[in-house]
Amino acid sequence: MLRVIVRRLLQLVVTLIALTALIFVWLRNLPGGPVDALLGDRATPERRELLIKALGYDQPILVQYGKFMQRMLTGDFGNSIRTGDPVLEVLGRAFPATVELALAAMVIAVGLGIPLGYLAARHRGRTLDNLTIGGTLLGISIPIFFLGYLLKDVFTQNIHWFPPSGRVSTGLDNTNVTGFFVLDGLLTREFDATADALWHLILPAVTLATIPLAVIVRITRASVLDVLNEDYVRTAEAKGLRHSTIRARHVLRNGLLPVVTTIGLQTGALLAGAVLTEKVYNWGGLGTLITDSITGSRDYPVLQALILVAALVFIVVNLLVDLSYAVIDPRVRVR
Amino acid sequence: MQARGLRSAIAVAAVAVMAAGAAGCAASDRDEGGEGSAAGGTFIFAGAGDPKNFDPIFNDDGESFRPVRQMFETLVTHKPGTAEVVGGLAESWEHDATGKVWTFKLRKNVKFHDGTAFNAAAVCYNFDRWYNMKGAAAQSQMLYYQDVFGGFATNEAETAGKSIYDKCEAKDEGTAVVSLNTYKGAFPGAFALTSLSIASPDALKKFDADKVTQNGDSFEYSAFANTNPVGTGPFTFGGWDKAKNEITLNRYADYWGDKAKVDKVIIKIIKDENTRKQELRAGTVQGIDFPAPSDRKALETEGFQVLNRPAFNILYMGINQKNNPKLADLRVRQALAYALNREQLVQTKAPGGSSVASQFMPDTVLGYAPDAQKYEYSPDKAKQLLKEAGAEGMTLNFYYPPDVSRPYMPSPQEIFTVLANDLQAVGLKVNGVSRPWNGGFKDDVQQFGKHDLHILGWTGDYNDPGNFVGTFFGRPKPEFGDEKMTDMFAAITAADATVDEAGKKAAWEQVNRDIASKWLPAIPVWHAPPAIVVTKDVKGLVASPLTAEEFNTVTVSAS
């Protein structure tokens, strides 16, 4: 087990180094650049020249990359071109926002997905099953931004149940401890703030949860159906075991293996989905940061760090999924 | 055992989902209850982007200027709702016969937010600070300062010019004298630039305002710029919560002028245009900027106040004479002007209240020539001129940016389509080239001059013809491929250097006449008033042509 973890961590380091080089070269070959963004409508050749020199963009790309790596290894990711804030501070603000959103979406997706998939399998071919399958098809095919705007239109413009955007009400005087607003409210006993944050969280989380929910329902259903047909289930039934025992010990446990993999993969996909969801809901997380950094200002330092973090999260989540396999299925542990 | 763990995990997840739902219902009930009571003292305005920071001298964009303008003031300013220059922190001002020495009589009993006195020494401290600023990081970011003063005591850029700033003297508490090396037509208008706001010398020193350092690809600003801006304006800095995207400004109780009517202004940063509109409709913000022209009517019908700012901008169709030798022929450029049905374009694609432009500046700017040649829509004349010049059927590469929206150019793609149709109607072939604004368009057009035609524009910074015509045609630019038009550059330089008011007016009028008839380096298209939208309970907001609205006159009644 330890060897597996060490090998995976080594892979992670190599992947990250390759990624930094790739991102670095790619970003610097995009048309337009931070110089134009910084100068705005008032760019003159002299100003461009001064800035290009000041920022070191006139040096060979290898030299630039070397300097970047040197700084990065000391934990210095530089400052955002757009705001001048240290990149780690910028990421530190955006990270909790996205994690909070992704967690809420995952809670919805897993919390509803597994029971629904299980029930659909148990009632195979009946109305509940058909409805569930139809619903998941819709969930998978509907574009996130469309769903986001649709939900917003219905629930914030027509029926005023939810706020249109943001993480908390404007002007709310809440204390920021961890950056997770729902949690902060609980920690500081400002329960109003927690309620406010949850109230803002619902629509974006539902939007973001749609695809993973649909996927989880389908995988659970298929997997449970497979298991229900297995000989050992039939044997258990023949032995006269209680239904609840069979469900918990045999069907759910074995049926959940592929579901766990899916959850891991979907967690990675959530980050991608967050780009659109966050844009629609002005969420201020990593997704918003990515779009802002690419479209507005070519914010190289932020983009570099962001892509690294995203890759890191993806790799770590996959590692955790593999490890959780070992927990759920002892056969994996033996290998 | 493991299965039990899983089961409880699922149970926890389910409970969490239900709890979230319940809390949502509770919160929405609460909202319908009584949010109104809090609205009386706070004006919430939706900004479209992050400010850079709050040190005026390092900023040059509208999103930074919006909060900066509420906290800082300039020596001279603009009469609300117009571009007319009036007294600001200086009650009156005058220049000597050479136009080089400017004497400001300062307002009395003005205090900075930190309690220190505003006086002539403070004014000079600011002017000297700008002039003596060192470091590539700082100098490369002081765009307006360089525009106006040309350079620094020690320039970091080899190509930068000599500064026209000489010195500033505090004659007495209430009199500051700013001396320049040469006269420049931009003054006094340029003294009203938000970038040249007067900050508290004490705070500038205390919070290391000059310390702009470079870190990797970027710049790090001082504590003054980020967290401790101190000016004399009607609002003080309350904070910028970056996790919530909110800037808070508080009423300054000791303000010398009309004290703010609201206790607090919150600028909520919402980058998506659609979301800004939804927040306005949901009543969570009371104002938004730059609505899409197509939304204006709907918003008005819904009961919002759509305030049109007097147009202080220009959209033009640029011509690059370099790549296509035919375009260097005046007859061809005139043919293009005759070919465009600008009247119809204004009626179909421009925001309400727009007008066809015949010159490269609005008629409220000194030096506008009412009798300058106008090119009425005439495809026949266009065809005839093209024939005379032997340019019939030529192909033109027409560059436009599909992905931006500017106050003077809300939908570039649509504008391009109409203009291209007009040109094709007179037999020209148009090859449309769409390039992202910051990913090709500006480089290709302004730096490399790859195009034949393009659309672009400008919003004025202050009331001076040099800020419009001088910016476009005062010197050769790749954008227009016009280096041979030396007569034009000389005439503009001469007009800009004329001190006497009447002579200055006459000189600029002549420049505008000649641009229209003799030079025609580009074709003016329209002046479009950008709008600002507020809810119906907002009173006292005066829309400014320079988009320099001040929020101290605003009241928000809970309706």
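Just so it is clear, glycine is given a Cβ too, placed from its N, Cα and C backbone atoms.
What TrEMBL says about this protein:
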- A:95-321: domain 'ABC transmembrane type-1' (DOMAIN)
- A:9-27: transmembrane segment (TRANSMEM)
- A:101-119: transmembrane segment (TRANSMEM)
- A:131-151: transmembrane segment (TRANSMEM)
- A:197-217: transmembrane segment (TRANSMEM)
- A:256-276: transmembrane segment (TRANSMEM)
- A:305-328: transmembrane segment (TRANSMEM)
Considering only the recorded stretches A:9-27, A:131-151, A:197-217, A:256-276, A:305-328, state which has the highest number of Cβ pairs under 8 Å to the transmembrane segment (A:101-119).
A:197-217
Best-contacting stretch, by C-beta pairs under 8 Å, relative to the transmembrane segment (A:197-217) and drawn from A:9-27, A:131-151, A:256-276, A:305-328:
A:131-151
For the transmembrane segment (A:9-27), I need the partner stretch with the highest count of C-beta pairs below 8 angstroms, choosing only from A:131-151, A:256-276, A:305-328.
A:305-328
Residues of the parent chain within Cβ reach of the transmembrane segment (A:305-328), under 8 Å, 6 or more residues beyond its termini:
1, 4-5, 8, 11-12, 15-16, 19-20, 23, 77, 87-88, 91, 95, 253, 256-257, 260-261, 263-265, 267-268, 271, 286, 289-290, 293
